[in-house]
Amino acid sequence: MSVDSVEPVRSWVRSGADRIASSLRFVVGDTPAAVGLVVLVTFAFLGVFGPAIAPHDPIRYSVQTGQGAIARLQSPTLAAPFGTTAYGKDVFSQFLAGARPTFVVGLFGGVATGGVGFLVGLVAGYFGGTVDEVLMRLTDLTFSLPFMPMALLLLTFVQPNIWVITAIVAAFLWKMPARVIRSEVLSVSERTFVRSAKASGAGHLRTMFVHVAPNVLPIAFLYTAYGVAWSIAAQASLAFLGFGDPTTTSWGRMLRQVFASGSIRVAWWWVIPPAVGIAAVTTSVFLIGRAYEEVINPEISEQSQ
Amino acid sequence: MSQFQRFLAKRIGIAAALTLVAVTIIFFTLRLLPGSPFTQLVASGNLSEQQVAEILSLYGLNQPLHEQYLIYLQNLLTFQFGYSIRQTRPVWEILGPKLFNTLILLVPALVTTAVLSTLLGMYAGWNRGSWLETGSIVTTTFLRSTPVFITALLFIIVFSYTLDLVPAFGMREITASPDGFAATYLSVDFLHHYLLPFTVAVLYYSGDFLLLARNGVVEQKGSEFLKLHKAKGLSETEQLLRTGRNSLLPVLTYFALRLGMIFQGLILLEVVFGWPGIGRQLVTSISQQDFPVVQAAVFLMALAVIVMNLVADVLSAYFDPAVTAGGGS
């Protein structure tokens, strides 16, 4: 490899790292975003270690009273700090273990959403013409197929598990980043350095990934983050409707059980942990995203006082 | 043809094509489902072979797939959705009232939030860096990013079960048997059931309008246009209103898009509140495998999105000629 071909890649990495460092600095300077970052780190920790640190098995173990009976719908005590479910299960253990499916779908759904959207947007915007037309009509189609009903339909004949749900989420949500990234690519492609790269004989792939892509990466990151929040919300919503993975405990499934069992009238301790868990994570992603958006969107950041 | 007319024709053509592709996908997805709702009925052995054949022909299920498909397309064009399998009455008779229930809940909610949160967003953008700006952004970000059923559950716990202010479930008291439109929708009982889901819907939608309006104002602060107004000696409020007027187009097109997603967006809201709308009906019909109803409900949801997308495109093209000049793709 000649020095000439390595140099752009190097500067690509360097400018990328610089950009990430500077936006991290900005995010930490923005109070709501900083709080969001703390929440997300905690959530990632729970996603990885939650099932391991849960004191009991979330499904098999039943909390028992002093007399040896199963403790049903018990408000928080020392033995069960988050109380028990109508089936005598430990809510605290379910909360810890339930973080994982939420985390997995969020992470992979987000990465797939951002990744596919990035590629589609990049290719459509770069090549333009027929390629653009075809890809954009395809995004229009996924826009017009209503997400929730289609997901419900698909999940009636595919046994739901977290990977199927991740795939469905990604299959429907890549359209958002695709559109935004395409329009960004269109404006970048007009700039001189891209034109001169093309004129100097750089191939399509090279121009696309070395010259155009770095300029739209920040938006791709942003939409990957949003994709994480959308995936988590979709997974929780599907699980709540009874279309989640029936074999694992997730926050969405906990909420379904408390709602379907009618215990929601009394058992606030069973509702609050998963509800607050989901709300805190999705909100955090958007608060960080918004702060980050101000860094990368010159129209908002430059004209402010 | 003017440029705008050409643009319009192209857009309408695309919308029609999209509708066709969408209904085709819905049709084949449903036909691929293993086991028709009749499998159970036939397996029960209570029907003679002739009865089975009669039922199948009643629903057109004895014809080859492509014939079924053509009949289905023909029926959709005339809004003939066939008969429900579970309820043996026309699908439209089931879905019509549900559709109305959804609209009467969500359209007023959408209009309310569009007006209120746009105004609040403009004000927040104008007072950049104030506690009001930060506070309103954090609150509405919470409301729009949290799945709507969670907000709904929390509101039910607080306002229904703890404070006992409003009912948690349904559109009317179970004992109420209203007859006719006025009795159904114009009563204190209805209003009582309406308040909570309406409020949650307003809050859920608020975030996007607020951010759009706020960003619009922030982007224009410091523009030449605004400096001119300042120089002319307009008051702060007058300046804000003029700035706001300029950033209304994104709000307007966004409103159209949201209106298109109205049937599918809040399925979970309807489920949690037991609101007899089209979304809740869809979930019920899916679990009952009543696919004429499912087919019609999903079709209506897709159609709403396609039509309102078209309207949004046309709106922005009409008010912003730069869109049509660029070919508008």
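Glycine residues also receive a Cβ, built from the backbone N, Cα and C atoms like all the rest.
Heads up, TrEMBL stuff is auto-annotated, nobody curated it.
Database features, via TrEMBL:
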- A:99-289: domain 'ABC transmembrane type-1' (DOMAIN)
- A:33-54: transmembrane segment (TRANSMEM)
- A:103-127: transmembrane segment (TRANSMEM)
- A:147-174: transmembrane segment (TRANSMEM)
- A:216-243: transmembrane segment (TRANSMEM)
- A:267-288: transmembrane segment (TRANSMEM)
Do any residues, 6 or more residues outside the transmembrane segment (A:267-288), come within under 8 Å Cβ-to-Cβ of it, and if so which ones?
27, 32-33, 35-37, 39-40, 43, 73, 75-76, 82-83, 85-86, 91-92, 94-95, 98-99, 102, 106, 225-226, 228-229, 232-233, 236, 251-252, 254-255, 258
Go through the chain and flag residues at least 6 beyond the ends of the transmembrane segment (A:216-243) whose CB is under 8 A from any CB in it; none is fine as an answer.
16, 19, 23, 101-102, 105-115, 117-118, 121-122, 147-148, 151-152, 155-156, 160, 162, 165-166, 168-170, 173, 176-177, 180-181, 184-185, 188, 250-253, 255-256, 259-260, 278, 281-282, 285-286, 288-289, 292-293, 295-296
Other than its close neighbours in sequence, what residues sit by the transmembrane segment (A:103-127), given a CB gap under 8 Å and a spacing of at least six beyond its ends?
43-44, 46-48, 50, 135-136, 138-139, 162-163, 165-167, 169-170, 173-186, 189, 204, 207-208, 212-213, 216, 220-221, 223-232, 234-235, 281
